[in-house]
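Structure, as structure tokens:
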Amino acid sequence: MAEIAPSILAADFANLQRDVEMLNASSADYIHVDVMDGMFVPNISFGIPVCKAVYKHAKKPLDVHLMIEQPDRYLADFKKAGAAGLTVHFEACPNLHRTIQYIKELGAAPGVALNPHTSVESLFDILSDLSLVLIMSVNPGFGGQEFIENTYQKVARLNRLREKFGYSFKIEVDGGVNLDNAQLLIREGVDILVAGSSVFNSPDPVQAIELLKNS
Ligand code: DX5
Ligand code: ZN
């Protein structure tokens, strides 16, 4: 059974407390927090104060996905704002090893996200340090995009590496996840499914989470 991390990027920002309470009452395992800076990605979402406000009401750990340039500048602030896991982008970190050690020092679970064009093999020399690898199944920046089919074989390759070397990181997939692709993703080795629109655009988000979890 996969773990589910609904993304509050697709929530109603004017009713965030209501939506966080809905997630608390659901079978979601994490709350996925998508931070965008308008530089690393062509869109701005929200930052530290919103993360803090969500944390105040959240009964699930915050899985914070930083789609920002030079994330080291803000890691301590996001940890203070309630992040249980801090995921930075491979493409935004020229000194990734240092960044990962810093996240560990802060006491958060370190994760690295890969854009669709970045191969899983790029992480070969850092895999043993990671709690999470997030494979983007859309180009980051917007919710509601179409799932990129190449993701399946990327997950499978990463899963083979994990098995071969006995690593313990979890594999998370983010973007365009729905009931049509969840089952195959889980079969290829995904542990955590991020879902924005397929949860929040559903007439019954609690049931949508439950269905994804049981797919
Ligand atoms: C994309 C974000 C995703 C996205 C998921 O940049 O990282 O978390 O909001 O939303 P859906 O499920 O709508 O693709
Ligand atoms: Zn995300």
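From the backbone N, Cα and C atoms, a Cβ is placed for every residue, glycine too.
The substrate binding site annotation in TrEMBL covers SER7, HIS65, GLY141, PHE142, GLY143, GLY144, ASP174, GLY175, GLY176, GLY196, SER197. GLY143 (substrate binding site) is surrounded by 19 other CB atoms, counting those within 10 A of its CB over all protein chains shown. In the three-state DSSP classification, GLY143 (substrate binding site) falls within coil.
DSSP classifies ASP174 (substrate binding site) as strand under the three-state reduction. A simple way to gauge crowding: the CB of ASP174 (substrate binding site) has 25 other CB atoms within 10 angstroms, across all the protein chains here. Here TrEMBL flags HIS32, ASP34, HIS65, ASP174 as divalent metal cation binding site.
When secondary structure is read from DSSP and collapsed to three states, ASP34 (divalent metal cation binding site) falls in the strand class. Annotation source TrEMBL lists active site, proton acceptor at ASP34.
The feature active site, proton donor is assigned by TrEMBL to ASP174.
The CA atom of HIS32 (divalent metal cation binding site) is located 14 Å away from the CA atom of GLY176 (substrate binding site).
Note: GLY141 (substrate binding site) has non-local neighbours MET36, VAL41, PRO42, ASN43, MET67, i.e. same-chain residues 6+ apart with C-beta under 8 A of its own C-beta. Cα separation, GLY143 (substrate binding site) to HIS65 (divalent metal cation binding site), rounded: 13 Å. Cβ neighbours of ASP34 (divalent metal cation binding site) (same chain, under 8 Å, six or more residues apart in sequence): SER7, ILE8, LEU9, SER45, HIS65, MET67, GLY143, GLY196. The binding-site residues near ligand 2, defined by a Cβ under 6 Å from one of its atoms, do not include any of GLY141, GLY143, GLY176. According to DSSP, SER7 (substrate binding site) is assigned to a strand segment.
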